[in-house]
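**Q** Can you read through this structure? Questions will come right after.
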Amino acid sequence: MRPPWYPLHTPSLASPLLFLLLSLLGGGARAEGREDPQLLVRVRGGQLRGIRLKAPGGPVSAFLGIPFAEPPVGSRRFMPPEPKRPWSGILDATTFQNVCYQYVDTLYPGFEGTEMWNPNRELSEDCLYLNVWTPYPRPTSPTPVLIWIYGGGFYSGASSLDVYDGRFLAQVEGTVLVSMNYRVGTFGFLALPGSREAPGNVGLLDQRLALQWVQENIAAFGGDPMSVTLFGESAGAASVGMHILSLPSRSLFHRAVLQSGTPNGPWATVSAGEARRRATLLARLVGCPPGGAGGNDTELISCLRTRPAQDLVDHEWHVLPQESIFRFSFVPVVDGDFLSDTPDALINTGDFQDLQVLVGVVKDEGSYFLVYGVPGFSKDNESLISRAQFLAGVRIGVPQASDLAAEAVVLHYTDWLHPEDPAHLRDAMSAVVGDHNVVCPVAQLAGRLAAQGARVYAYIFEHRASTLTWPLWMGVPHGYEIEFIFGLPLDPSLNYTVEERIFAQRLMQYWTNFARTGDPNDPRDSKSPRWPPYTTAAQQYVSLNLKPLEVRRGLRAQTCAFWNRFLPKLLSATDTLDEAERQWKAEFHRWSSYMVHWKNQFDHYSKQERCSDL
């Protein structure tokens with residue numbers, strides 16, 4: 001997904017040949033030896049020099065790698081960010097800076113479907129930089145601002161990825177676009193709640209500091225600090241939701257877009273106790289003393305600060321409590337500070353009268369995750385699984401489920417006319433993971449926000465890109481609407497179809513209309529189908545594909561009633577069972593499985609008998 005005219009592809013930007021190339025492309029920061037005033041901006045920290053970039057419709061200005069915090073290294077590891085001190089002279093902001101230290105996906109080396117999400121700059125703990133794209137020349141009147149927060153399970157991600165290129169939205173829609181790096185994994189979310197040395201949620205605090213920077217400085221770029229929209233996908237969307245729920249963040253933005261993620265998802269937060277368990281286990285794994293009641297938190301964190309960054313990353317995944325997918329080791333913690341209560345409680349009691357929110361999902365939210373640990377799944381075959389593999393997959397996909405709850409999931413998702421059909425079992429496994437982690441939390445959030453006064457719009461994205469390299473059985477996977485929202489199909493070198501280019505332009509208009517007015521519809525367009533608000537009564541949402549908008553009702557309503565209403569009650573009930581009753585139910589479960597096995601064997605025997613009679 002890297003256009004050949006992309007002038008910031010590699011860190012080696014100092015070569016004379018590259019500067020010559022940039023000059024030929026019209027991308028240099030200077031013209032005939034003079035500074036281009038459009039590329040010089042003064043912010044509170046000092047002066048910046050940006051770069052002019054080409055986009056298919058004309059040039060844009062980009063200011064890349066702007067420091068907004070002091071490097072969180074040494075004694076600042078695990079600590080809240082500190083604002084960047086002023087600098088002297090003109091700071092070069094013509095190239096992306098380091099990516100925050102993180103896990104790198106090596107499951108399919110060289111495969112574009114995984115490599116596109118891997119870091120494309122040097123890994124470093126010195127990584128708190130942000131980027132600004134504006135139309136060229138800069139807007140003369142205040143322009144709405146879009147702030148992107150990347151996803152990656154809170155363990156990975158970078159604002160410099162090619163799929164997050166802000167030039168298209170800036171050039172085509174005339175907006176100001178901002179993205180930032182924030183700390184992930186151990187460095188952003190390791191927590192010993194109550195301690196000063198590692199309070200937790202510092203990755204979210206990185207994001208908040210970037211939002212504060214935007215409020216203080218974006219007017220210098222032509223942006224309107226009074227019209228700021230947050231948008232993010234997956235963990236980025238969950239982050240957006242947490243800023244909605246965190247009072248100190250609420251004054252820093254005005255609208256929010258949550259793509260395929262929510263703060264109330266089962267993977268998005270952990271309790272203070274679980275966060276401490278994971279932190280102390282990581283410490284033990286890397287040879288540091290325990291903290292808490294059995295030790296000293298200060299000693300534990302002091303020791304962890306001496307460990308190489310890669311050593312911490314290498315041990316991150318070993319702290320999860322059970323085998324699972326769509327669960328991540330270090331995530332936001334309910335700390336009583338950034339999150340004063342659980343997301344569910346804050347959503348239920350919040351006042352959202354002044355909020356406009358756009359939320360949605362893609363068609364096949366679960367498929368991407370199956371190749372990362374569910375038995376029988378691979379990108380290199382059709383992943384036609386057996387019933388035994390499906391049953392094992394349910395335990396991995398819903399790791400918190402009791403035996404009875406897992407049986408309920410199996411019951412709900414089995415096609416009882418064809419209970420052994422491999423293709424159905426594959427698709428059912430994808431639906432289990434997607435519904436549980438994304439679709440039904442999104443539906444729940446949309447309903448609760450709408451009930452409490454927010455203006456909500458909802459969608460399902462259904463188009464599979466013609467350039468997608470993942471296998472057909474994956475459908476429209478998690479994350480693959482992003483390239484259309486950012487307008488990548490407008491670049492002819494990327495080989496999208498004409499229809500996809502038109503589709504991308506339509507989506508860009510919906511998102512920027514929402515950023516301007518809180519409504520994705522164009523007030524000047526009376527002919528196109530209207531996108532209605534989502535209400536608790538009508539539950540209307542739209543399908544986004546190559547066809548005109550289609551309005552539907554009830555986003556997987558029956559299935560989400562199972563996840564959002566029935567299953568929590570079942571889990572609560574089974575939590576109160578005494579041990580004898582638990583054992584009885586476990587025996588009953590084994591007996592049921594035995595009877596199913598006996599019936600299958602009997603049916604097989606009966607068929608053989610009939611065949612022998614012929």
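A Cβ is built for glycine as well, from the same backbone N, Cα and C atoms used for every other residue.
If you look up Swiss-Prot, you'll see S234 marked as active site, acyl-ester intermediate. Annotated active site, charge relay system per Swiss-Prot: E365, H478, in sequence order. Per Swiss-Prot, disulfide bond is recorded for C100-C127, C288-C303, C440-C560, and the stated evidence type is similarity to another entry. Taken from Swiss-Prot, the feature N-linked glycosylation site covers N296, N381, N495, and the record attributes it to sequence analysis. Annotation comment: Swiss-Prot describes 1-31 as signal peptide.
How buried are these features, and what lies next to them?
**A** In the three-state DSSP reading, S234 (active site, acyl-ester intermediate) counts as coil.
DSSP assigns E365 (active site, charge relay system) to coil in the three-state reduction, outside any helix or strand.
Counted within 10 Å of its Cβ, the other Cβ atoms near H478 (active site, charge relay system) come to 26, all protein chains included.
Listed in sequence order, the residues of the same chain lying 6 or more apart from C100 (disulfide bond) and placing their CB within less than 8 Å of its CB are L123, S124, E125, C127, L128, A158, N181, Y182, R183, V184, F187, G188. DSSP gives C100 (disulfide bond) a strand state.
Under DSSP, C303 (disulfide bond) is assigned to a helix (H, G or I) in the three-state scheme. Residues near C303 (disulfide bond) in space but far in sequence (CB under 8 A, at least 6 apart, same chain), listed by position: A283, G287, C288, P289.
Taking a C-beta cut-off of under 8 angstroms and a sequence separation of 6 or more, C440 (disulfide bond) has the following same-chain neighbours: R556, T559, C560, W563, N564.
N296 (N-linked glycosylation site) falls within neither a helix nor a strand when secondary structure is assigned with DSSP, and so counts as coil. Neighbour list (N296 (N-linked glycosylation site), Cβ cut-off 8 Å, at least 6 residues apart, same chain): P289.
The Cβ neighbour count for N381 (N-linked glycosylation site), using a 10 Å radius over every protein chain in view, is 10.
For N495 (N-linked glycosylation site), the number of other Cβ atoms no farther than 10 Å from its own Cβ, over all displayed protein chains, is 10.
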**Q** Would you kindly give the Cα-Cα distance separating H478 (active site, charge relay system) and N381 (N-linked glycosylation site), rounded to the nearest Å?
**A** 19
**Q** Go through C127, C288, C560, our disulfide-bonded residues, and report the one whose Cβ sees the most other Cβ atoms within 10 Å.
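**A** Max Cβ neighbours within 10 Å, all protein chains included: C127.
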**Q** Starting from the Cα of H478 (active site, charge relay system), work out which of the recorded positions (S234, E365, N495) are within 10 Å.
**A** S234, E365
**Q** Cα-Cα separation of N495 (N-linked glycosylation site) and E365 (active site, charge relay system), in Å?
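**A** Just about 25 Å between their Cα atoms.
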**Q** List the same-chain residues at least 6 positions away in sequence whose Cβ sits under 8 Å from the Cβ of S234 (active site, acyl-ester intermediate), in sequence order, or say none.
**A** G151, G152, G153, Q259, S260, G261, H478, G479
**Q** Test of understanding: give the count of other CB atoms lying within 10 angstroms of the CB of E365 (active site, charge relay system).
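**A** If we count other Cβ atoms within 10 Å of E365 (active site, charge relay system), we arrive at 29.
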